[in-house]
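Shown next, in structure tokens, is the structure this report addresses.
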């Protein structure tokens, strides 16, 4: 199968699962968005080996065609701490951190632009399946501040570390408990990465999206917690990357880390 044939196979498989028949769009980009939407909406359940094989070929080819960044390519650093602006799904670190929700199953909203959706969409349906197995095994939702590690599947990283950050109601102040919970997120991820003897981990901006944690406050907590961890622990980690997407977050982290 060529790229277009694989795309149509994946779409038709997921539509058949839903017992739906729709007019498939004509252009590749529209069909690609449809596939992502169907993947986003799919609840964890058994899926054929043929689907997974074709999905993996399709997604791994997409990943290979992206402008990937290795940890060694990141120039803005201070000791073990690094700052990078870009799409976390293009970063070849040992692990990337996903700001998850308590169900740990990814975002089910089609084409939503949250980090949880973006990571699951690029990784493939196996990521949701693995997360579901962990949630079923523990018998309930994931607590705020804890961390779980999974394979990264079709991402350039080796692992994804999932953590649930604190959520702030709009208009409410950040409490001392919220601060402790966010600190715990970073510590849990760093402890887990060290347990797995990883060399590098890339953090997204935990809780600052739909969870409404103020960006500057969150950055201050993130940087302080990482520095405290490095000062207090023996760790395999040599590269801890703060990955930001927006210019505003980049400016905040750059000023806090480097003073300019």
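Glycine is no exception: its Cβ is also placed from the backbone N, Cα and C atoms.
Keep in mind the model is a prediction, meaning the values are calculated, not measured.
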Further ADP-D-ribose ligand in Swiss-Prot, beside 87, 88, 115, 116, 207, 208, 209, 210, 211, within candidate set 101, 132: 101
Conformational class of residue 116 (ADP-D-ribose binding site) under the three-state DSSP mapping: helix
Taking residues 87, 88, 101, 115, 116, 207, 208, 209, 210, 211, which bind ADP-D-ribose in the record, the widest Cα spacing (Å, whole number): 20
For residue 107 (Zn(2+) binding site), the number of other Cβ atoms found within 10 Å of its own Cβ: 21
Which of 87, 116, the listed binding-site residues, has fewest other Cβ atoms within 10 Å: 87
Rounded mean pLDDT for the residues that make up the domain 'Macro' (68-260): 97
Residue 101 (ADP-D-ribose binding site) - helix vs strand vs coil (DSSP): coil
